[in-house]
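Visitor: Before we start, here is the structure in question, set down as structure tokens.
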């Protein structure tokens, strides 16, 4: 073979071998450099990750995530710690809560605005690493902290809070999260219903409310797009609200293809027993003059005169619910027709009308079927007020229901109570009560009150009451302050109270 041919062949083989080596270098050397750069021998990776064995998702160091559990109302809370996934099960919390209860320790809603209007900082943010409460705490999930910026109360403060950036610092601030109304399941509202967050969505006419984020409402003031809509309870729903301080909750509706609004068909929550107690102006014989706002549950019952025009005062009563008044059975011995009766609430004077007075006709009245005219045993009657709506009275400072006692309530001897007296019959509640009647046969011109004490059962007997019959469901009380516990019951302000177990009847 020609030496040049041999040399040329040798050179060609060297070039081909070099190409193969270069190609191998391109395939093996470059990844090796990348691996060397990322995982240097003797050094820990600066980008530690974890792989979820169930979902095969990759997570960074300290990152958390939730994993559903089959056939369970719990989920798994996982956390990437030093390259290992650490998971444990946690109960599912309602994240749709729009308000908090009590201190808000268990609040798990999505409110994320502080009282100043500032947006909350993510609890997982590295900016909060040195704070006592952050999303990287071992007990973060139990406290409701994590990869979010929702308001929480991990330290049992007075209400939910979060960290915000203020004046160059990251400081805690209370959230503007509304407190839940105390009404049961949102079935009623307090005051004007400004804090109502229930789910009623029908108006007084039975029309369904429009969504607050409906495109039909573009251009209206109170919508889900309002700046403080979340604070006002507006959002992607059609629940009744009162964002503008109106008289009660309302909503937008479409009627006859026209956009309008209507009040909602929601009853007002009972505020039984609340009153504006005013010190009696002066003492009089037979009691103290009082004002209706001190006893707003007091009712006056009038009856039409049979032989002359007009009406006369019949008896007193107590408002026990929106449409029911408790009175004495002996007041209705003459069996008056219900349409001859009238109930007046909110009146201090017997004849002069009150500023917030409310008048009602009587639908029907129920006298205890075992009422005894001779002994006044079971001396109880109930009057149903007539109204076109389910709610009769409108609660005001002068008109309010009394709180009914529990069926098994036992009051100790000598307990001081208030009494209202209706001619010979008497009644008692654990609050000062009133009557339009004086101790004399003549009527008082205004309300009067008296305080009495309950006598022990061994003194509530016939021998202490001039041989008057005392049954097992009667109580005795009198004014003992002048003579102490040994005061003669007959000489004191006598009150013979007949009580019977009863429950509020169902209308109809």
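Using N, Cα and C of the backbone, Cβ positions are placed for all residues, glycine too.
According to TrEMBL, the protein carries these features:
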type	residues	note
DOMAIN	48-90	domain 'Fibronectin type-I'
DISULFID	50-80	disulfide bond
DISULFID	78-87	disulfide bond
DOMAIN	98-180	domain 'Kringle'
DISULFID	99-180	disulfide bond
DISULFID	120-162	disulfide bond
DISULFID	151-175	disulfide bond
DOMAIN	187-269	domain 'Kringle'
DISULFID	188-269	disulfide bond
DISULFID	209-251	disulfide bond
DISULFID	240-264	disulfide bond
DOMAIN	284-494	domain 'Peptidase S1'
DISULFID	315-331	disulfide bond
DISULFID	323-392	disulfide bond
DISULFID	460-476	disulfide bond
Visitor: Summarise the domain 'Fibronectin type-I' (48-90) by DSSP state, stating how many residues are helix, strand and coil.
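Guide: Per DSSP, the residues of the domain 'Fibronectin type-I' (48-90) fall into 0 helix, 26 strand, 17 coil.
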Visitor: Taking every residue in the domain 'Kringle' (98-180), what is their average pLDDT?
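Guide: The average pLDDT of the model in the domain 'Kringle' (98-180) works out to 87.
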Visitor: Are there disulfide-bonded residues among 78, 151, 175, 180, 392 that sit within 10 Å of residue 120 (disulfide bond), Cα to Cα? If so, list them; otherwise say none.
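Guide: Cα within 10 Å of residue 120 (disulfide bond): 151, 175.
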Visitor: Please report how many Å separate the Cα atom of residue 323 (disulfide bond) from that of residue 264 (disulfide bond), as a whole number.
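Guide: Approximately 20 Å lies between the Cα of residue 323 (disulfide bond) and that of residue 264 (disulfide bond).
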Visitor: Where DSSP helix means H, G or I and strand means E or B, what are the helix, strand and coil counts for the domain 'Kringle' (187-269)?
Guide: 7 helix, 19 strand, 57 coil
Visitor: Using DSSP, how many residues in the domain 'Kringle' (98-180) fall into helix, strand and coil?
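Guide: Split into helix, strand and coil, the domain 'Kringle' (98-180) gives 7 helix, 19 strand, 57 coil.
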Visitor: Please report the Cα separation of residue 476 (disulfide bond) and residue 331 (disulfide bond) in Å, rounded to an integer.
Guide: 20
Visitor: Give me the count of other Cβ atoms within 10 A of the Cβ belonging to residue 240 (disulfide bond).
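Guide: That number is 27.
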Visitor: Which one is it: of the disulfide-bonded residues 87, 331, which Cβ has the fewest other Cβ atoms within 10 Å in this structure?
Guide: 87
Visitor: When you measure from the Cβ of residue 392 (disulfide bond), which residues in the chain that are at least 6 apart have a Cβ under 8 Å away?
Guide: 322, 323, 360, 385, 386
Visitor: Of the disulfide-bonded residues 78, 315, 460, which sits closest to residue 175 (disulfide bond) by Cα distance?
Guide: 78
